[in-house]
Amino acid sequence: MGRKNRNRQRAQQNRDGRAEGKRSRDDAGWGAGYSEIIKENKLFEHYYTELKIVPEGEFEEFMEAMREPLPATIRITGYKSHAKEILHTLKEKYFKEVQDLEVDGQKIEAPQPLSWYPDELAWHTNLSRKILRKSPLLEKFHQFLVSETESGNISRQEAVSMIPPLLLKIEPQHKILDMCAAPGSKTAQLIEMLHSDMDVPFPEGFVIANDVDNKRCYLLVHQAKRLNSPCIMVVNHDASSIPRLHFDQDGKKDVLFYDRILCDVPCSGDGTMRKNIDVWKKWTTSNSLQLHGLQIRIAVRGVEQLAVGGRMVYSTCSLNPIEDEAVIAALLEKSEGALELADASPDLPGLKYMPGIASWKVMTKEGQWYSDWSEVPTSRHTQIRPTMFPPTDPEKLANMKLERCMRILPHHQNTGGFFVAVLVKKAPMPWNRRYPKLRYKDVTSSSEAAPAEELQMGESPADVPPADGSSADAPVEAVEGETPAEGNPSVPDTPDLLEVKKDNVCGPPPPKKMKLFGFKEDPFVFLTEDDPIFPSIQAFYDLSPGFPKLNVLTRTHEGKKRQLYMVSKELRNVLLNNSERMKVINTGVKVWSRNTDGEQFGCAFRLAQEGIYTLCPYIRARIINICVEDVKVLLTQENPFLRKLGDDAHNQAKKLGQCRSESWMSRSVFDAQFKYIKVIQINPMYT
């Protein structure tokens, strides 16, 4: 047989094999593609049996739960004014119809609310895609969920992922940092809490959502945009070296400290085995050993940027104490009393969890156990670190109150595995207190200043202390009459410090160079109050005198401004003072889009649907009040001409002064008109 014939035969066999494999998977039903993955890992079972994080007598139940598929969980966005209406529709229409439904002789289990989530705004269900396809009622329910998710009214989010934002106790005035934010479900919760009062278009607080992965940042932008908030900024940095930001306060430049920080760090993810099937075969103890150092660096960087009196929630989707209690213990020990573990159990009544443990061991990937750092041979010191073990001082360990940590086990309430701890900052971090404000007399010599590549973007050499951590050596001197304090721009923080290697001296971890990567973003250009773009917009929409023109920005320096965005006053402050220090991916909400057809009507900008909630309080013209019947016309008819609306709405439209003749009823002209009639209010007397 010739080479060509042999190759042709092999190709045909491969095609037949793939086709047969595809048929066997299709015949087995949805999800059968994972059948080759056996949900067993003897090392995993041995490890957690030895650590005893599961109550005695419950380990088999724990493992059975880990092998079961994770229920789908939905959350209704709590800040929307119509959240109660969506909940009412779900409960009275869709859930009641599902309650007595049978598919293939099997009774369908109706969705159930999460007992610990406030106001029944979160539900979980065991309905699979296969079952959804078999019933018209379930298919209609699924379509409702999809449409409401796209509009931002409902989010699909894992139950345990909802816990950290709730424990932060967000208020509208809080400045919030989400350090490892992608894909953004928790960030969305933070934004919702910030906008708890929908009548306030610009809350005083804001959310800065960060992620190290440039591509995942765009996923984060997509999630955040569904909520249409002017108080969100997405940035792209390594969380362990995220830059310290500045802002103007009372005419002076000050350091930005956050009231709330969410520190949901990268982890081994063994709590996600119910949805991430690959973890079963990939799990090993070396994953946690490799991530432990990064987790500490991120957590340290977080508490440095936390305001005194603020709260930081540290969380992982791992059950491993090396990634959980060990990180918290190391953080508390470094803080020398500046941090305190808060008891968060009263904040979520009904949540079942296991308290944190105060004793654990470390195991290598070869199965070797170590109970104390003194047992670790020198050859293992690069793999195993002292911070991976519990503190040896019993009094110090007791004062940490590690039992206040919360570990959620899958079998207790049919969820994924999770760990969460709430830290409250009582005082500045020790290494910030120990360095007084420094003034360099001469920084021309490279030996006297820190290396340029180790400086943050925008930092001057004067912000960096001497390499040995002292403050007495020339060329520096302490400034008299000033009290060293965290929050002083000249007081250094972790990424600008070299490690202090002295016995019994608390010091931050070694610095990391800040890296910028990914696509180059368009600039953020704020408009001035006298920008020529405003007069026509002001006249056309009759903007109120209180409209914050300075909060409007565009993404280009040159050419026509095609899109106009708005941010809150506080975010504008941050952007203007840190343009060289951080890489901003996206911020604000789009409020106007250029439409050349509109020039004939006196304004070249139409309202963007995303910005309606933001602009509504300032617009006093081009508003039509309509009744419920008019809404039905707009939603159901392909050509909802204004003449098809009720007399009251029709008359309001005529008074807008843009209808010159009956020719405006043509579809093309109606489109041009309707772009400006975006703010629609339903008159209560008609409802």
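Using N, Cα and C of the backbone, Cβ positions are placed for all residues, glycine too.
Copied over from TrEMBL, here are the features:
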REGION    1-28  region 'Disordered'
COMPBIAS  13-28  compositional bias 'Basic and acidic residues'
DOMAIN    62-426  domain 'SAM-dependent MTase RsmB/NOP-type'
BINDING   CYS180, ALA181, ALA182, PRO183, GLY184, SER185, LYS186, ASP211, ASP238, ASP264  S-adenosyl-L-methionine binding site
ACT_SITE  CYS317  active site, nucleophile
REGION    442-505  region 'Disordered'
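Take the CB of ALA182 (S-adenosyl-L-methionine binding site) and look out to 10 A: across all protein chains shown you find 23 other CB atoms. Using a 10 Å radius centred on the Cβ of LYS186 (S-adenosyl-L-methionine binding site) and all shown protein chains, the other Cβ atoms total 25. The separation of CYS180 (S-adenosyl-L-methionine binding site) from CYS317 (active site, nucleophile), Cα to Cα, is 13 Å. For the domain 'SAM-dependent MTase RsmB/NOP-type' (62-426), the model's pLDDT averages out at 91. Taking each of the recorded positions CYS180, CYS317 in turn and counting other Cβ atoms within 10 Å of its Cβ gives the largest count for CYS317. For the binding-site residues listed here (GLY184, ASP238), the lowest count of other CB atoms within 10 A around the CB belongs to ASP238.
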